[in-house]
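Working notes, structure below.
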Amino acid sequence: AARLSGGENRLVSLPLSRIRVIMKSSPEVSSINQDALFLTAKATELFVQYLATYSYKHGRGKEKNALTYSDLSHTAEECETFQFLADILPKKILASKYLKMLEKEKRDGEVGEDDEEDEEEEDE
């Protein structure tokens, strides 16, 4: 692998210093080889490019000639390859819908707790 010099930094668009900081944030990493840093940066770039291209081709952005967050979240939710991103790219919902979901979960949780308490009393 080629050693990084000033000219080779242009082979990647992501800032290598930021990638080094992210890699060093792992407690298992003590030192980072320049080749590993470069390859991680290039792999990350290619992954982001693939995700964006796939999302653009399979989303609504094609109609508007733009890539939107909803295109990315739809890809993360629907495409098996990108399922691991579903928690990172959740579908956007309105705050009012979220509050209603929380209320429903709370009501369902209270009903479930009441059932458990009734069962415990019957056991005694």
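The backbone N, Cα and C atoms fix where each Cβ goes, glycine too.
TrEMBL does not curate its annotations; it predicts them automatically.
If you look up TrEMBL, you'll see 13-74 marked as domain 'Transcription factor CBF/NF-Y/archaeal histone'. Note on the domain 'Transcription factor CBF/NF-Y/archaeal histone' (13-74): its mean pLDDT in the predicted model is 89.
Residues annotated as region 'Disordered' in TrEMBL: 105-124.
Look at TrEMBL and you will find 111-124 tagged as compositional bias 'Acidic residues'.
According to DSSP, the secondary structure content of the domain 'Transcription factor CBF/NF-Y/archaeal histone' (13-74) in residues is 44 helix, 0 strand, 18 coil.
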